[in-house]
Every structure is written in structure tokens, then in C-alpha cells.
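Undergrad: Quick one: the structure is below, and I'll ask about it shortly.
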Amino acid sequence: MGRCHSLQAALFLTCSLFLTLIDANIISGNKQSYIIRVQNDMKPSAFSDVEHWYGSTLRSLSSNPLNSAKSNSIQVETTDLEFLHVYKTVFHGFSARLTEKEAQELASRRGVLSVLPDRLRQLHTTRSPHFLGLDSSASAPANLVSESDSGSNVVIGVLDTGIWPERLSFHDKGMGPIPSFWKGECTQGQDFTKANCNKKIIGARYFTAGYEARIGKIMNSSTDIKSARDSDGHGTHTASTAAGRAVEDASLLGFAKGVAVGIAPKARIAAYKVCWKRGCMDSDILAAFDKAVDDGVNVISISIGGGAVPYNLDPIAIGSFGAMEKGILVSASAGNEGPRQMTVTNVAPWITTVGASTIDRKFPADLVLGNGKRITGASLYSGDPLPDKQLPLVYGGNVSVGIRNGARHSSSFSAATCMPDSLDKERVRGKIVVCDRGGTPRVAKGEVVNEAGGAGVIVANVAPMGEGLIADAHLIPGLGVTESAGNIIRDYINSNNNPTATMAFYGTQLGVKPAPVVASFSSRGPNAESIFVLKPDVIAPGVNILAAWPDGVAPTELSSDTRRTQFNIESGTSMSCPHVSGLAALLKGAHPDWSPAMIRSALMTTAYTQDQQGKMLLDEKSYNVSTVLDMGAGHVDPEKAVDPGLVYDITVDDYLNFLCASNYSGRDIKQIARRPWRCMGKHHKPWDFNYPAISVVIDSTEAAGMGIVQVTRTVTHIGEAPSTYTVLVTNPKGATVTVTPTKIDFREMGQRQSYVVRIKAENLAVTTLSSLVEVGMLNWSDGKHQVVSPLVVVWKQGL
């Protein structure tokens, strides 16, 4: 998304939606799939159910052949009149294939609230439980694990690429009966029967209608299995990260060897396959939300995203709202578009948005240059080592195919990024090739080098990727290096007549410091849809995570990779999201009466912002101190989250009032909430929303010289004993903060108390279309608990 004002971003993305709509109509013969939001209470009594009403409405469109003058002579294909999905739980309406003209006519019909183009989204793609302090194998089991019985009565619905049920991570030995509230089912399909479900995997469904309407019929194959079976790997990995059983001697080709276990190892899994080879359609995702809520899940984990759009235009936000109304927490990935600002996705305030961090484990490998300099990178290469000598070293951009047979076969840019058929075999054979990141998957660059006869590959970060490292299971000797290291290597190549290098690989390294740090790829704030809602909410482990992997899928996912493994190491906010999904399951197991907002509050107010050495968390991009825009409230701390002292609860009405305060119209709100809601003038302010973080905006052009904002928050006491909390304020630079009262007494569990925060900000100079962000902190403490809220002040010119 880049650096832009939220209104500009919204206009750009709205424009993009209509451009996508037009392009899709051209490509697919004037038909594309749409999601139609309907006001069900306007159903005429003549129709027995909404499906008949929806069908009659579609058939009544003027462009429908049944209504043309020649209808008697026209053979209408029934598929043109069928729904892709009918939504009844989190959303009221249906999806169907329509022409642009039909969509426009339908949008004008009474009872139709919105007609949204069906977008194609993409996935956001073990030691982490130990790193989080959840090692239940210790002599004294972690409180959260024991209090929740590892989440045994909680169901996590995973919306992803499906699941590989035969993995040991999903065995049900020793598990109790399936929870009595469960209403889901195990849907049969290709290579998947009811017998593939058990007391661990208690539900499995798949959704293809939207995808097939966009891409065409799925032909049964190893690349797209038409069932809940995973032929990609992503869904198996995320499901086992959230709730996998303990498996000993797990590793990827010998790397990260040990016990692999999910965060909530006894939680039940329901797999909802919504993603296929080319992506995930909004209409299918919304159908999965609808079924998951109706089935009875307690937590929904979704590692899928797209650009941020207004909430009423975002099916993930709409589906999540319906889930939240039913008491279901939705944990979603923040996206992998970092380190650029304003790239965070899944930003609705009722979604728990998760960024990514590192853990204290790395897979180091060195590039040793001919001048003796060692550059440390990362690698999961497990094959034969390079010859015991220095090899010639070249930069891909210097060995492009160039002109052959009178035609240019490759540009220096495509060769610099080692795109297919871009390298000159004569100048690459037997050499180590340096490839810039970008354009193709990192592991695919090694495949290109190998096909050109190269001996090894170095994948170098380029701006703005910075100093973040991700380890890959290269097919040939290879490693990844940072942006600064890439510059050093290219300088060495360009300044030497005969540059050489070799590589050394060191396996698995534990106890790495500093840890954690914010992953450079993790998408950053501010929130493009509402600057008053801090996003991401928290960060969690998402770099080099070991988890289960299906048969038939290579660890690199390359067709030329013949290796197979039961576990794989992956990185992305796709991996951090299921960590929080698992934590939410543990918290729900320990506190069944907690609302989704209370669970998120517990995670946010107990999150830490200092690493294991007591220093401020760093940003992997530059190894400078990270900010709330990078990490939200901080890194999750499970053992503190189980007993947070106080929580900030949010009701459905609170969310609706926030939408009113954010200038959503009554019609917009009805598209999200499935019911009318009356906005009461200027009574509500978006910064008065009871979020665990406080974010306010100051207009730097005000003439008064001081900007003053008053904020109200309400906390709920969840401790059993009476207690007194006192507040400690850390002022943001350029602002003075006062809190009234400064001391709050609680006599009983569940008691609610409010306080007022008054922020007086200096009139700081800000240039047009830019902003200045300063951060402070509120810390309510009773001597045992620390209930911490970030306090963000943003100066902008002309609100």
C-alpha cells in the first residue's frame, strides 16, 4: 500500500475494486462472481424462505433470458441461475455469477444492501512453545497449559488450504470425547473420508464454488485435491502450529530437531479449506466463516489477506464481525508487506491482528570471500558440501543472457533476480551466483542457477528488506544474506578481477540473542482504515517455524524438488497467527466466560516490549528500536495473559458506536452487522472506543497552540480478591497526560470502573500529508499485575 493518507488509500483501493471488476468481466465472458448482502427482514411473505426470494430476485433481472421477448425459444442453463453460496449465519445473502449490468441492476433492488466483487486473496506465508514459556514437559507445567487442560474443550477453526490428517501431530490418543456443543461434520471428497476425522480433527469442509467460478472447474490432481486434504502444505503447517500434538524427533532434514508441539495440543481442529493453487476467493472464505460459526468453533484462525479496505467492503471483516457476535475470537495474520509502513491488513477492530517476530533459534551459514571476509547468512541446505576450495563468484546482473540470434533474451534486472532463462550458462557454469531477492521465490533462484550450471547461490536482500534473514532448504549449496551484506558482496565482486568464495553450513543454533525481534517482513501500521485503532495488536513467533507438512509436497514446493519430509520450516505472519490462535484457545479453556475482546485485551496488556536481555525490542530491518507501529502492544506473554488483573471488554454495541463515530453510514453498518443501527449524532468519538491501546490525533494547524483530547476507558476486574490499582503515566514526547482518578478500588470479580485520560499536546510543526508519531504508556498496577496500554499521539496537518 505504501505511505499514504487513509482516505487516499481507501479511494485508491475502491478504485482498484472497480478496475478488477471491469477486468474480470472482460476476461470471463462478461460474467464474474459477486457477493450480495441482503436485508433478510424485507423478505416478502409470499416466499417460504430466503433462498426462494433470492432465486426469484435473480430470475427477475431484466437481463435474465427468462424475461426476454424470446424466452420461449431460449434454453437457459441452470448453472447460470444457481447460487455459489447462500449465507445465513455471519452474513445474510448469497454469491452468484453475474454480468456487470446484472450486478448494477441488483444493487438498485429494494432489500439489497451491497453488491461486492468477489476478490482473489493470497496466503500470508518447534521451538516456539518453549520460547513462549509453554513447555508442559517441565516438572512444573505452565499455569496456562494446566488451567486450560491444553485447550481440550476448545475448537479452533482453521481457514486455510486444508489438512493432512495422517500426520502424527493430529493423532487423538488420550483425548476425551468430542465437545457436546459441536455440530460440524467431516465432509467426504477426493482422497478424504469420514474416517480421516477423529477426536482431534473433528470437522473438515471444503469450499470451491467461488474459486471455480473465477478459475474454472478443479480437475482432481495432486496440485488441487477437491476435498479438505491439503496439497499445498500451508494449512497443515498452521493447524499443527496452533494445536498439534507432541511428536518426538521431529525435524526438517535434520534441522530444528526435537519435540514438535502446537500451542494448544489438546484443542480440537476443524479444517475449512478455502484456498487452492491460485488463491482464495472472498465468497468461499465468507461461506467458511458462515459454516464455522454454525458448527460451533470457539476460535477462528485465518492466515489470509489482501489490501485494507473499508470494513463494509471486506468479507473477512464482515465474517469476523458475525463470529465476534457469537463469542468467537478471530485471529488473523497482519501480512508480509513489511517493513513499509501502512501495509498491515485484517485491521477491523474486532479482529486480533498478529505480526511476526523471531525466536532464539537460527540456522547460520557463512559465505567466505576470497579476501578472507566471512559473511554470516542463513540456510537449511542439507546436501553435499561445495568442493574444499574457493569457487568463482559472479553477480546475476552481470551474467545475463544478453543478445542471441538478434533478439534480447534477458534484461540485467531479470538476471539480477535470477529469473528463469535469464542467466548465461557459459558465464555461470561452475560458479557461485549472487541473486537479488524479488520477482520469484527465494528457493526458485537456486533452481535457475542450477539449470544454468552454477555451483551455488546467494540470495541477497535488497531495499527495503533490510537485515532480516529467512532460512531456505535450497536444492544446491545456498544461503540468504542481509541487505548490507549483499552490498558488501557486490562491491567485492565489482572491485576484483577474480572474485571467489565458498560456503560453510552450521546446522541449528539455539540461544540466539537478541530475541525476539520484529521480523522485517511483518506488515506495519498505522492502520489505513482507522488511525484510532492500533494495528497490529501484538506480535508472535513467525520466523523459521517447524510444523507438520503433507506427503507429496516438497519442502521448497518446487516441482523439481524430490525430497519429502513430515515437517517443514516456514516463515511469515501466516505462522505467527496460529500461535495466537492457539493462545486464544488456551485462554478460552481457562476462562470460558471471557469474550473475544477480553482475550485480546489480556494478550495486549500483558505483552512485553523488552527482549530476554531486558533491552527494548528491535526491528530486524535495521536493528534499531522497534515502535508500536511495528509490534503493536508488544510480544505475547502467555503466562501473564492467563491472569492479567484487568481487561478492557468491548460489546457489539460498542463496535457499532465506533463505526458511527468513524463516519460509517447506517447503510454501511447494516452491511456489516445484519441489523439496523441508529447513529446518535456526534455523541461518540472514535478515540473513546474501549480498545486496550489509546490512539489520538492532534491537528497541528489549530491556532490555540495546544491540542487537548479527552479519552474514557473502562476496565473490568477479573481477579477474585479485592485490589487497588494505581496508574503510572509515561508521557509521549510533546504531550502531557493526566489520568482521573489515579487510583481505582475493586471489591469483587467482574466489577467495572472507568477512568478519564486528558492529553494536552504541544502544537508541533508537521508538513502537509505527513505525520509525527510519539508514544507513551499507561500502566495500572496493584503490585502484582501490570496492565499496560500504549498511548499513541499522532500530529497531522488538517484532519
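Residue numbers in this text run from 1 along the chain shown.
For all residues, glycine too, the Cβ spot is worked out from N, Cα and C.
Keep in mind that TrEMBL annotations are predicted by a computer and have not been checked by a curator.
Positions annotated as active site, charge relay system by TrEMBL: Asp160, His234, Ser574. TrEMBL lists 391-488 with the feature domain 'PA'. Here TrEMBL flags 688-793 as domain 'Subtilisin-like protease fibronectin type-III'. The signal peptide annotation in TrEMBL covers 1-24.
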Undergrad: Quick one, of the active-site residues Asp160, His234, Ser574, which Cβ has the fewest other Cβ within 10 Å?
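TA: Lowest Cβ count within 10 Å among the active-site residues (Asp160, His234, Ser574) is His234.
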Undergrad: Roughly where does the domain 'Subtilisin-like protease fibronectin type-III' (688-793) sit in mean pLDDT, to the nearest integer?
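TA: Summarising the domain 'Subtilisin-like protease fibronectin type-III' (688-793) by its mean pLDDT gives 92.
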Undergrad: List the helix, strand and coil residue totals of the domain 'Subtilisin-like protease fibronectin type-III' (688-793) as derived from DSSP.
TA: 1 helix, 66 strand, 39 coil
Undergrad: What does the DSSP secondary structure composition of the domain 'PA' (391-488) look like, as residue counts for helix, strand and coil?
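TA: Reading the DSSP string over the domain 'PA' (391-488) gives 28 helix, 27 strand, 43 coil.
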Undergrad: Ser574 (active site, charge relay system) to His234 (active site, charge relay system): how many Å between their Cα atoms?
TA: 8
Undergrad: Report, in whole Å, the straight Cα-to-Cα distance of His234 (active site, charge relay system) from Asp160 (active site, charge relay system).
TA: 7
